[in-house]
Each structure stands twice: as structure tokens, then as C-alpha cells.
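A.B. asks: Please read through the structure below; I'll follow up with questions.
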Amino acid sequence: MRNIKHMGVFSWSSAIYSTSIFIIEKHELDLPAQIGVAMKVTEEAKPDVQLSDDIIQLDRENEEESYRKLCSSLGKGATIIIDVSWSPWEMVDQLGIPILRTSLYSQQLVTAIDNYLESRNATDAAILVESESDLDRTLYELLGRSNIRVWVDTGLTIESATILRNMRPEPSFFVIIGEGGFVKNTYKRVSIITSMIKEKLVLRDNRWNLVITDYTGHNFDISQLVLPTVILHLDAAECCKLQGLDTCICPEDFPRKQYILNNLLQFLIDIFRKVPNTSTIIRCDESSKNQKTDGFQELLATETYGNDSLFFWNADRSSLLLRSQFILSSAKTGVSETVASWSANEKYKLLPDAVLEPIRTFYRIGTAPAIPWTMKKLDSAGEVMLDEEGQPLYEGYCIDLIEKLSQTMDFDYEIVTPKSGDFGQKQRNGSWDGLIGDLMTGKTDIVVAALTMTAEREEVIDFVAPYFEQTGILITIRKPIRKTSLFKFMTVLRTEVWLSIVAALILTGVMIWLLEKYSPYSARNNPEAYPYPCREFTLKESFWFALTSFTPQGGGEAPKALSGRTLVAAYWLFVVLMLATFTANLAAFLTVERMQTPVSSLEQLARQSRINYTVVESSNVHQYFINMKFAEDTLYRVWKEITLNASSDQAQYRVWDYPIREQYGHILLAINASGPVVDAKTGFQKVNEHTEADFAFIHDSAEIKYEVTRNCNLTAVGEVFAEQPYALAVQQGSRLQEDLSRALLQLQKERFLEQLAAKYWNETARQMCPDADESEGITLESLGGVFIATLFGLGLAMITLAWEVFYYKRKEKNKLRQIEGIDKTEAFAPKKIKKKSNNVARLRKVTNISRNVTIGDKFKPVTEKGVSFINVLPKNDFMP
């Protein structure tokens, strides 16, 4: 922007010696000559009028000198001041002489395109003009009148195209203003230059606007248009009106400014014919400067109202302006449609049947990388995905929220990440970097990120209502890797206890055998008391009874003697107590094992020394502990000063212990000893490497919860502390604050924010972890030994069965061999009476008792010898 304006002075007189003064800009070097031509043309058209001029140029950098020259001219006498400068010169408003302001250039077209852009919700625009003078005129016309931020440059070069592409904020609209040839050539250079610098200025429809200041707009070649474009031009009939013709063919080099001057002077002469000659000598230091001039302006308004005169009076700007007719067209390749046509003295409006494609508002939205809020999108190979312009693509909670907001509020957006800093830190010179700095300087319109609300930040930006209120600081630690064993159930009792149980079992078995053998009341020694079959407690059977007593079905039939039953009762009590103890300890052992965590709060973490912990260096969490340590030191200093300086009420400060805990000082020392990590990824990696659960990472709770759902080895311990909400941010005083608040309220009603939270902190994903169901039961790894022992018993039983079958067959085979050998011997040897064996003799000896004994399953009278039996040998071998 240039801060230089030019001003000139023009004077005219009629036959009655009236005088006028014109004000022009200093840089309008050709305007004095054009004024002279206009005066000559007017004198030819009005023979009874004689004009004279006195031209004074206005230097905006030295207005006092220009004002002195103006006062000198007014001292000679003047009727009117005609200001044709680029911007009104306020120093002449109170001089007590009629002032007429007008525009000779494209200012009205600039105002017309500004009205159109505002109707399209434009926030800013980049304007390309032909020359430096056009640049100044455009800026003077827009500044103070337009609500659109503008960037103006002359022409389009590689340098200016690069500046446009790298501009932040990026213009939402582009405007080319100039004559038809300039507009055509500049638009062609857009595609050529942007391809050379491999940057595209804009790819959105209806963002390019062509403003043609001459009368060639209706013949503009639209075949070169790449995207749908808006074209604004003048009605060619104006050219004929300026020439005083009904119809004409307007040449391309038509001197529009000269004809406006010609018609303006002739129009003013006609006006002054209706008023008396009021030529006045003005002295700038006298009170005459307060004279009212409203009558002249009322006359101009009356003469131009309600007709189709060439000029009209603009009361808002106190200017007599050309009544131009504007035509707005929406053009695509090969097709052009007129959508609006209005006069300079009317407001912009569309034609009744015209419809413009809606243009969504464009915002630059700032965000900073943070997990899971804003993350670079990766492909299947783990590489960062890029868009057409080579910029990284992002995903995450904030990206989804931005997309939903764009749908709710109907706007287009561009994601902008800060070039320096992250979320924003205040510098020593008072400026800010990161997202806060970009928002303050206008590089972004909205910030959607994991941005915490602080009083310091709220001094320079405005926050919107929080969109996430559950963040804070949390501790994560690796789950301890428990030493699993298939015989873990055996570790419930110590080795000496198991040995004592085995010893008790053996001792009980031996004692049962001894008591059954020597007790006179046992079933073995007192058969008369037990005439039915009873269990014979041999040494083997006694051990079996002692062993099976540990089972739910019990050991079976107990001994009959009182001494044996007493022993068994005591043993059963022992078994019951041991089983109950083992069951209770096993349940408690497995439960405590699943519920075991090294620490459960920040206080426990600070009090112990086995687990080391750290934070991300220079992060908000790190700063939190630094601030808390400073607060502890400050409180201690204040408490100490109160205690030492107490006089009359000193007794109330006598305490045996310091009333404020110093845990944050210990925590900060431990963090410094472990060494802060450079980023969160490194922190999680260090936690994962410590399989003994002896390292913790203190970080943002949202990121920790997200990582825990994705890493089965990690777990969050304790509660969230130092809670702070995340909120959107806008520039101070921005109208977007209210719009965003309404949009967020609508999303909360739709439960969209809850859906986003469930998406990125999906607790159901933890069920995919191998140990996700630990709280629901005991794993096979803990009790696998029970099944192995059972299988071992089954295998041992099968082996025993095989040995029994083998032993039985071998015994039968030996018996057959023995019988066959006896038969062969008897066949060749003389028969001899076998001698009675010792067993038979013993049996006979037994049969000599007073009562008979019958052996067998049927009762038969005994023989004379006193013994009857069933022969199990062959009949021929029976030797009574």
C-alpha cells in the first residue's frame, strides 16, 4: 500500500466572471492537460461561457504546503472547488465554499466488485491492477469502506505469484482489475506462471473475478477460462452516452476519463445557470470559512434525482458520480450468463431469474500435531500420505471435528500447522509463536487443537466453549510380567508344609496298620463281633485309606476298633483343615496376583524409590511440576516468615511438622534424575522396555488412554489430576466465536462428541489383548499342573494295567508248564503213594479239634478223617 495521494486545482469562470478550483493528485501528471482539453471543449459547446483554471497539486506527504497554495488561490476569488483526487481532502470541508467531489477512474467498479464479494461472504481478496497509480486509487477506495481484507499488487510475476501462494492467510478470492487487454493477458499468465513455480494459486470455482474497466467486457474471450469465473464490466451503452450518441461502436482505446471531464464541466455550467453568481474571495484565517454550502448540494440532488441524467448525486460521499451501469456475468468455458445488472446509484442485486452457485465461506484452521488429536495419516507401508500439493494429510479427533463443523456451518477450510512452535508460547519480546501467534497475526481464522485454556492466552485471543473437558495428567506403567508356572497351585504352600503333609499321610497309614493288627477289637482279631465281610487294613490298604481321605468321597470303610477310629477322626480333622487352608490360600493367591499393581496414585509414586519415572521435556506436564515445586517453595517461605516473625500469637504457629507436603519437589528431583524424554513416543517406549514394571511415564491423560487401548503391555494407574479443558480459539472480537459456540452446542445435542471419544478411546479394543479376561477367571497357565497330574495318573494307571496283564499271563504260563512236567513224569514212573505234605499234615492237625470244619460253598458231612473239601485238582490225582 502506498501512503501518497495526489491533488490538483482547477478554476473556471463564466462570462459573469465566476471562478472554480479543481483539486488533483500530485502524481496525475496528465490530468492538467486533460482538464485544459475539457475546458476548451466546454467553451466550444457553451459559447457564452469563458473558463479559466488555476491548478494546484496536492502532496499527501506535505499537506500544509498544498493547503497554503489553496488558500492563495481562494484569496483571488472562487465559486466552487471540484475535488477529483483519489480520496477526499478533509481540510477543505470547512472553507465556506461549495465543494464537488467526483471519480474519473475505476473507483466505482472497485466498489461494485467489493459489494459483490461481500454478498458472497468474502473475508479477504487479492487484487491485481495495472499500475502503481491504480494500486493507490484502489487502496484509497477500499480502505475504511470495505469489510474485506485486501492485498493489492501490480500485474502478475513469478515473484508476486509466489508471494500470493505463500500468503497467510491465503486470499479466498482473486480479482484482476484493468482494461480488457490487461485482464486477458494477466489471466493467461496465471496458468503459465503457476506451472513454472509448480504452485496453484486457487482451484476452487468462482474464486477468480475479472473486472474490465473499459467498454470491451461484452466481447471478452471466455474460451481461455479454466474454472468458473465471475466477470464484471460496464455497459457499452455508456460509451455512447458520453459521446452524446444514441448508438455507436465504442473503440477499444476510448478515452473514458477525458469524456467524463468534458461532460462534468458542461453539467456544472448548466447547474450554475440556475444560481446567482456567488464568486467569493475566501481568506482561510477568517470566519467566512464556516459559511454553509448545503444549498448547492441540494440543487445537485434535485437536478439528478428521478431521471436518467449522466451523473447522480451521492449524498453519503458528497460526490457527483457517473451513473454507470454494471453487468455481472458467471462464465465457464464457452458459456456466459448474466446474473446481475445494476446502476451505480443502486444497490447490488441479482436478476429475478438468476441463481449463483453458493460459495461456502473459506477459513484457515490451525492445528498442531498431538496424539490422538491431530496425527499424520500413514499408508499401509507406514509412510506419511501427502495431498496434491505435497502437504501431509492428517487424521484424528480434531480433524474429524473440523470436518463435522464444516458440514454444520457450511464452510470450506484449509488445515494450517505452525511453522514455529507448537501450541504457542509467549516470547520475551511479548510476541507469541505456534498456534497462538498464527491466530494473532491472521494466518489462521480458527484453532482446533488440543489447546488448553489459560488466562495468559485469553489476553490475546478469544476461546470458545470447551469441546473436551476430561483431559489432565495421568501415569502409565507396564503391566508386570508374572512368572507363570503350570504348577503354580503348588506354590500356595511352602515346601516344608508339603513335606509335613506327606509325612502325616505316611505316619497315619502306618499307624492304622499297626492299630488294626494289634488291637484285640479290630475286625481282624475279633471276627466273632463282625460276622460279615470287613475291610482288611493291610499296610497297602492303610496307605490307600490315608491318601483317599483327602478326596471329597473320603477314604471308604473305616477301622472297627475304637483306637483306629480315634486316629481316623483326628486325621480327618487334619485333612479338613488342610483342604480349607489350601483352598482359601489358593483363591487369595490368584486374586491378589491379578489385582497387583506397583502404585496406584501420584502420592505413592512419590513415596517409593523402586520405580523411576519421567515426563516429556519442556511439555505442559513438565511445566506443571516445575510450577508446583515453585508453589511449594513459596508456601514454605511464607510459612517460615510467619512463624519466625510471629510476636503475640506465636503459640498458634508451634507445630511439630511442616504442614505442607513436599512431594512435588521430590517428584521433580526424580524426574531430573531419570532424565526427561524428547517426546511421548520415547516415553512409551521406555515404559514398554521395563518388563519388571519399574518405570512410569507421566503425560497427558488423553494420549495415555489412547496408547493404553493400543498397547496391551501398558496400563494407566491412579486418577487423572490437574484437569484442564480443551477449547477452540478465534481472533479477539471475531464473529466466529458465537457461531462456533452454537455449532458445538448442536453437536453435543447430537452426541457427536461422545461418538468421537468412543472412536479414539475404544475400551472394547482392550478385549483383544491376550490377558483381557484376567478379571473373569483363572487362566489355564496357572492351573495347568492339575490337569498334568491327572493325565500323569491316567498314564500311570495304564502302565500298571499293562504290568498286571503281563504278570498274570506270565504266572499262568508258568503254572501250565509245571503241570505239563508233572504229567510226563507220572506217565513213565511207577505209581507211588505221595507223601502228605506239611500243609495237609498241618490241616489234619487242625481238624482234630473238637468241631468239624467245612471248606467249600456247600455243606456236606465231614469224612471220618474230619476234613471235607472240594477238589480243584484232576480227579485221578486226588489222594485222600
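Any Cβ shown, glycine's included, is placed from N, Cα and C.
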A.B. asks: If you follow TrEMBL, the disulfide involving Cys769 connects it to which of the following: Cys534, Cys712?
C.D. replies: Cys712
A.B. asks: Could you measure between Asp700 (L-glutamate binding site) and Val599 (site 'Crucial to convey clamshell closure to channel opening') for me? Cα positions, answer in whole angstrom.
C.D. replies: 18
A.B. asks: Near the transmembrane segment (497-515), which same-chain residues lie under 8 Å Cβ to Cβ, leaving out any that are not at least 6 residues past its ends?
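C.D. replies: The answer is 490, 522, 537-539, 542-543, 545-547, 559, 561, 563-564, 567-568, 571, 574, 578.
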A.B. asks: Whole-number Å distance between the CA of Thr452 (L-glutamate binding site) and the CA of Val599 (site 'Crucial to convey clamshell closure to channel opening')?
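C.D. replies: With the alpha carbons as reference points, the distance is 28 Å.
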A.B. asks: Suppose we draw a 10 Å sphere around the Cβ of Thr452 (L-glutamate binding site). How many other Cβ atoms does it contain, all chains included?
C.D. replies: 16
A.B. asks: The record names Thr452, Arg457, Asp700 as the residues that bind L-glutamate; what is their largest Cα to Cα distance in Å?
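C.D. replies: About 20 Å separates the two most distant Cα atoms.
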A.B. asks: Have a look around Arg457 (L-glutamate binding site) and count the other CB atoms within 10 A of its CB, chains all included.
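C.D. replies: Around Arg457 (L-glutamate binding site), other Cβ atoms within 10 Å: 21.
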A.B. asks: Please work out the helix, strand and coil residue numbers for the domain 'Ionotropic glutamate receptor L-glutamate and glycine-binding' (372-441) from the DSSP assignment.
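C.D. replies: Its residues divide into 20 helix, 17 strand, 33 coil.
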A.B. asks: Determine the minimum-neighbour residue: among Val599, Asp700, listed as recorded positions, which Cβ has the fewest other Cβ atoms within 10 angstroms?
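C.D. replies: Checked Val599, Asp700; of these recorded positions, fewest Cβ neighbours within 10 Å: Val599.
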A.B. asks: How big is the Cα-to-Cα gap, in Å, between Arg457 (L-glutamate binding site) and Val599 (site 'Crucial to convey clamshell closure to channel opening')?
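C.D. replies: Just about 35 Å between their Cα atoms.
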